[in-house]
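*Asks:* Supplied in structure tokens, the structure appears directly below.
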Amino acid sequence: MRVLGIDPGLTRCGVGVVEGVPGRPCTLIAYHVVRTDPDDELPLRLLHLDRSLTALVAEHRPDGVAVERVFSQHNVRTVMGTAQASGVAVLAGARAGIPVQTYTPSEVKAAVTGSGQADKAQMTAMVTRLLRLSEPPRPADAADALALAICHVWRGGTRSRLAAAADRARRGGGR
């Protein structure tokens, strides 16, 4: 399974691509950071993010997209930008017809480190170790995106299939 993980952000949006199967080490395919200029108008920043993520989805052709779920932050301006970037990220996968799953930061931390309370340094160290990299992915947004992708490979594939089966059952359809 190839998964594109997205750590949404309006100024820096991390994107990580891995391949793997549950219970096995994943393989790094690529990672990127999409940057927007804070001095640009919001519509231009969102448009740049949309075009960049759409191009990365087309380039890497993932089987699934994993996006970090926006959580409440004290800075309303920051959370608004992150929420807008998250919407663009979800749309990039949905527009391509690819299943999109969202994860809370604690779900990702628990999947990758075994602790939902892990800090950034622990997360980056585990991503580096799990992907057998010679050096940590930089910046942290890229490491976070790779952690999301790893989490989805290990947990999300099953979660997505269960959700699809439940949806089919609700609509009265079989397999």
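Even glycines carry a Cβ here, placed using N, Cα and C.
What Swiss-Prot shows for this protein is this:
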BINDING   D7, D141  Mg(2+) 1 binding site
ACT_SITE  D7  active site
BINDING   E68  Mg(2+) 2 binding site
ACT_SITE  E68  active site
ACT_SITE  D141  active site
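Help me see these features in their spatial surroundings.
*Replies:* The Cβ of D7 (Mg(2+) 1 binding site) lies under 8 Å from the Cβ of C13, G14, V15, G16, E68, D141, A142, D144, A145, L148, each on the same chain and at least six residues away in sequence. Under the three-state DSSP scheme, D7 (Mg(2+) 1 binding site) falls in the strand class.
DSSP assigns E68 (Mg(2+) 2 binding site) to a strand. All protein chains shown were included, and the count of other CB atoms within 10 Å of the CB of E68 (Mg(2+) 2 binding site) stands at 26.
All protein chains included, D141 (Mg(2+) 1 binding site) registers 24 other Cβ atoms within 10 Å of its own Cβ.
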